[in-house]
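**Student:** Pulled the feature table from TrEMBL, pasting it below:
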- 60-84: transmembrane segment (TRANSMEM)
- 96-115: transmembrane segment (TRANSMEM)
- 122-143: transmembrane segment (TRANSMEM)
- 149-172: transmembrane segment (TRANSMEM)
- 184-205: transmembrane segment (TRANSMEM)
- 211-232: transmembrane segment (TRANSMEM)
- 264-292: transmembrane segment (TRANSMEM)
- 304-321: transmembrane segment (TRANSMEM)
- 333-351: transmembrane segment (TRANSMEM)
- 357-378: transmembrane segment (TRANSMEM)
- 399-419: transmembrane segment (TRANSMEM)
- 425-445: transmembrane segment (TRANSMEM)
Amino acid sequence: MLSFPGVMRPCRALIGAPCAGDDGASLRATRWGDNLVRARRGAAATGCDRLPLADRHFTAAIVAAQVLAQIGAFTLPALLPGYLDRWDLSGTEAGWLVGAFFAAYVTAVPVLVSLTDRVPGWRIYLVGAGCTAVAHLGFGLLAEGFWSGLAFRAIAGIGWAGCYMPGLKVLADRLEGAAQSRAVSWHAAGVGMAGAASFAMAGLLDAAAGPAAAFAFGGIAAIAAGAIGVAVMPRGLPPRAPDAPPPGALLDFRPVLRNRPAMAWIAGYTVHTWELAALRAWGVAFLAASFARDGVPGWMPGPAAIFTAAGLVGIAVSVTGNETAQKHGRAKVVTWAMAMAAAFSVVTGFAGIASPLLAAFCVIAWNACIYLDSSALTGGTVQAAAPGMRGATMGLHSMCGYAGGFLGPLGVGIALDLVGTDRAVAWVLAFGHLAPFTLAGLLVLRRLSR
């Protein structure tokens, strides 16, 4: 079990010892399609938010499926230095290749996630996993340059739109309160773990069998994710609260836009993903450039391995951040996280000039600051969503966030082309320009939270 402070509590919340009052009388059964949803009675009275065994198994299965769906998502960023040479890409073209994933996601997610208020989630998830498999297999085996690669990257974005938020909504619909918040946190940790592992697996498979094998691995994993989703997700829609309004028009986000608390967290998530996507897309290339310029000690791992370590640190920080947010308030944690991330976006570019070792440290620290508010932001949106509007709220949350995810990698690529990658100051501008956007998002979040 992880030993990070704050991580132990959610572990105990999910798998800990029995709680007072946790007997047969404390459970009630509600039919949800073909599945039996077990909800706790008296949990609020006893102060216990540990999940029942069936819900723990369900949470673990959903997280496992999301890990498999995500494991190939960052194969391209991990192998980007090789593709820059292999396909003779400019920085802007590389930014488009990475960003196309997010652009397609933004286009597809409002429809796919909003449909989960009307259609059982497993159907949406199966479509998403299928698209993800096609995209990874196609990129690795069929893509021959920028345009064909761009098409498969767009399909990958549609696939993730059908997996990420639909899978999270299925999980959130089953739980509520602190148990829901912690399950969301572990969901975010699982996705983060897959993102970190994606860099490591891509590097290992590329070294052993070439880039096609790295992408094929992601495609096969997505097929397994779809199988898990079909096996465990409820066949029907969740029970609707008696006072919940009926769903509006499919793409009518006006009720969500009027929900100021939800929009506050959505604004924060937008700049969070903007910055995170930029670092994920270009972090390995940045480290490779720094290492090539100054050389590195023989004991130092390669760029992909360092970025994998950064992702693993981010997972622990994300879960700890959610626990800290529950204790001390989401707004306080998010404010500190965004302020520190903005500072590191400036410092990291200069670190690449100063020392490869310092550059590696700053990448890990910056990534940790970005991850610190990841679960807190998503959990805030989930809990602020109005009854009957959770699918639409999460759809807008994801759409806005991944719009930032499209702009982040593209902005870095454009900055590199403007300054010239042969100039040391290029990375200072490429990463440093993110700071004003992060701080602007923080100001919007705090204003809407009042």
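A Cβ is built for glycine as well, from the same backbone N, Cα and C atoms used for every other residue.
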**Student:** State the non-local partners of the transmembrane segment (399-419) in its own chain: residues 6+ outside its ends, Cβ under 8 Å from one of its Cβ atoms.
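**Tutor:** Same-chain contacts beyond the ends: 90-96, 98-103, 105-106, 109-110, 157, 161, 266-267, 269-279, 281-282, 425-427, 429-431, 433-434, 437.
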**Student:** How about the transmembrane segment (304-321) and the transmembrane segment (149-172): at least 3 CB pairs under 8 Å, pairs 6 or more apart in sequence, or not?
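**Tutor:** Taking Cβ pairs at least 6 residues apart, the transmembrane segment (149-172) and the transmembrane segment (304-321) are not in contact, as fewer than 3 fall under 8 Å.
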**Student:** For the transmembrane segment (333-351), give me same-chain residues lying six or more residues beyond its boundaries with a C-beta closer than 8 angstroms to one of its C-beta atoms, as numbers and ranges.
**Tutor:** 268, 271-272, 275, 286, 290, 321, 324-325, 358-359, 361-363, 365-366, 369-370, 372-373, 376-377, 425, 427-432, 434-435, 438-439, 441-442, 445-446
**Student:** Most CB pairs under 8 Å with the transmembrane segment (425-445): which of 60-84, 149-172, 184-205, 264-292, 357-378?
**Tutor:** 264-292
**Student:** Test of understanding: applying the rule of at least three C-beta pairs under 8 Å (pairs 6 or more apart in sequence), is the transmembrane segment (211-232) touching the transmembrane segment (122-143)?
**Tutor:** yes
**Student:** Taking the transmembrane segment (264-292) as reference, which of 60-84, 149-172, 184-205, 211-232, 357-378 has the most Cβ pairs under 8 angstroms?
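**Tutor:** Counting Cβ pairs under 8 Å, the winner is 357-378.
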